[in-house]
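What TrEMBL lists as Mg(2+) binding site is Asn10, Asp140, Asn142. Residues or ranges marked as domain 'Endonuclease/exonuclease/phosphatase' in TrEMBL: 8-211. Among the features that TrEMBL reports, site 'Transition state stabilizer' is placed at Asn142. Among the features that TrEMBL reports, site 'Important for catalytic activity' is placed at Asp202.
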Amino acid sequence: MSTITIGSVNCRGLSETVKRIDIFTKYKDLYDIIILVDTHSTSEKEKQWLHEWGYVGKFSSFSSKSRGVAVLFRNTFEFKIHGETIDLSGNFVILDITIQDYRITLAAIYGPNNDEPAFFDNIKNKISHFGNSSIVVVGDWNVVQDYEMDTLYYRNENNPQSKAKIHEVMHDLDLLDIWRLQHPFEKRYSWRGPNRKQSRLDYFMITSDIEAFIKKLVENNLPSVHQEREGLELELKVIREKNVKGIITRAKARWQVEGEKGSNYFCNLEKKHYTEKIIPKLILEDESEIMDPCIIRNEQKQFYKKLYTSSNPLLLETHRSTFLQHDNPFITKPIEEEVESCEGPLSVQECLSSLKHMKNSKSPGIDGFTVEFYNFFGMILNYH
């Protein structure tokens, strides 16, 4: 049996298209089976997400704001799903599956935030229902197993009943925390919260019969992993250098444009921009084509003239005359103070008030300084 890689990613929401495509693209090249938790998927979006993934997958969806689990497969190996249990609340997907003649129960879970031991008891029963001796349980359990090794800056133990139930489930199903077995003294965390709190909530549990395969895989691939890392670092360096060169080129371009210094490069660039803006051809209502620039301009003029001309000029003139009467309740003549305020120079307070209503990361001027900068230094700049 060839090597099959299984990876797990805590997504913290994949509703945003750019983030979702990035996750799919990145991990499609790393794993044969990828388990995604906290996806924020909905049943209406499952077909779209599966189309974006490009292969087979199973979803447990809930809402676009919380929960969600997905098990996605690549077409790089043979597998057959004999049975499935999918939670309608977006908390787990449990599969009875044969992967290259090796039958296992694969469970992807997203545990509740509250202390709910019944949830893990339910998981145990559903896994046991398939009757497979080989089990893999992956995901975000939302429960810490060892507070000494798996937490940082925690004052109290959370979800003690769920913790006890998980230990019971691990014993009954012969599950092992394979990462902790291979890293008995290492502290790593998969979640970070306020006040510098950190914890390891994501676990990869396997039965002891699979442990031998995992040990062999890790021992045989340690040198190649190191070699792959060096290759990736070199590739990253090349990408960074390319990006830096692009930044430098754009900076020079901006300097040349703003400095009014002409060159063949920028003349050609301007010519290209002009070419992209022109309309080479128009198709009229009678499906005839015109290509002469003068005729095209005249056709555009007539089109917009017709578009913005009232179909009933007499009614338009009557309405305008009525609307502009002095006693019209919709028209209020500004008082002298308002006229002077509109015509006079802007005050500092007016500028500061406008800045407070602008969105962050926007630049109100050509100097490039953002709204946050002016809001922070506004009172200081007021005196200069």
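Counting begins at 1 with the first residue displayed.
Yeah, the Cβs are placed from backbone N, Cα and C, and that goes for glycine too.
Within the set of recorded positions (Asp140, Asp202), the lowest number of other Cβ atoms found within 10 Å of a Cβ is recorded at Asp202. Fewest Cβ neighbours within 10 Å among the binding-site residues Asn10, Asn142: this applies to Asn10.
For the domain 'Endonuclease/exonuclease/phosphatase' (8-211), the model's pLDDT averages out at 91.
Same-chain neighbours of the Mg(2+) site beyond Asn10, Asp140, Asn142, judged by a C-beta within 8 angstroms of the site's C-beta center, are, in sequence order, Val37, Asp38, Tyr110, Gly111, Gly139, Trp141, Ser190, Trp191, Leu201, Asp202. Of all the binding-site residues in the record (Asn10, Asp140, Asn142), the one with the smallest CA separation from Asp202 (site 'Important for catalytic activity') is Asp140.
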